[in-house]
């Protein structure tokens, strides 16, 4: 089975769907919104071609469920707020939004939400239906998605860690797995495996930057948010917990060791310095600002986390309930690729053990994601300077 067929979130609206388990991302979007407004402010001041008539934006790796339209809402609100601050008396521009993700993404679940979204946008923002046009653009952001110099603003949230393929070189010339008992480039992985993952990320991220520079107008903006490498004190990350859960099943005899050794997740968490250096080396973009922030990986569990998300009764608000919440989120993201390799029957057992391990981390007050926000501007051509 092709990687792109299984590298997607759980669709639909069931209990294991991404739509029902993406409150962490909702909280993260709230943290990013001030940076989004600043990025839009700089974009409108740059006075790009046609920007007062139609602003073309895209969400790269939009996934599915209500969070997809939260990103659109925040972008539209930021555009209208900044134009008001600038006392722009011209008629509001049309906003054309492209939602992009791999072909297997559940775009239909997003389309079902559009009628109510448009009505709410008209009621709360005064935007008449037709002044914000939303369409899907299926495809991989590791290749071209839009015509040359056609876009004003590009946004991506928690997608860049996914690689275009599992790195090559993870099996030796003798057919021996180089990344034994690991499922990604972890601290325990041997140096050749870590290098293979870094090389693949470097290739993919450099290609991503080059493709986006071709699609953006000169001085167009891009805002990226992603997980980045954290500190030792953050505790094991969720990929470590997933790896531990699968290893537990191997020890119990529920899974064969060879099944684990042949499984490698196409994901790489870069360091801040790695991302910064790659942007500078590719050369198409200027870094306007770069900032990190931490979130617990059980963030979004309750409304006490500064976000309007589903709440839980106090008697269940302990580390076990929080761990189950984290397990549901990770399952909604990785179940398709796990099921394609290990089979669907073992999935509940994997995430039961995941939750058990996560509870131990949460009890110790650990378990953090380090998040990176980076705002980029496409460098002007010499003829534009």
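Each residue's number is its place along the chain shown, starting with 1.
Glycine is treated like the rest: Cβ placed from N, Cα and C.
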Additional site residue, 68, 75, 238 [criterion: listed by Swiss-Prot with 158, 161, 162, 369 for caffeine]: 238
Listed co-binder of Mg(2+) (same site as 261, 263, 264, source Swiss-Prot) among 179, 237, 357: 179
Residue 267 (site 'Involved in substrate discrimination') in three-state DSSP notation: strand
Extra residues within 8 Å (Cβ to Cβ centroid of 179, 261, 263, 264), Mg(2+): 170, 177, 180, 182, 183, 260, 262
Distance from residue 267 (site 'Involved in substrate discrimination') back to residue 179 (Mg(2+) binding site), taken between C-alpha atoms, in Å: 14
Pairwise Cα distance for residue 267 (site 'Involved in substrate discrimination')/residue 162 (caffeine binding site) [Å, integer]: 5
Additional residues surrounding caffeine, by Cβ distance to the 158, 161, 162, 238, 369 centre under 8 Å: 226, 227, 267, 269, 333
Cα proximity to residue 158 (caffeine binding site), best match among binding-site residues 62, 101, 140, 261: 62
Integer Cα-Cα distance in angstrom, residue 264 (Mg(2+) binding site) to residue 102 (S-adenosyl-L-homocysteine binding site): 20
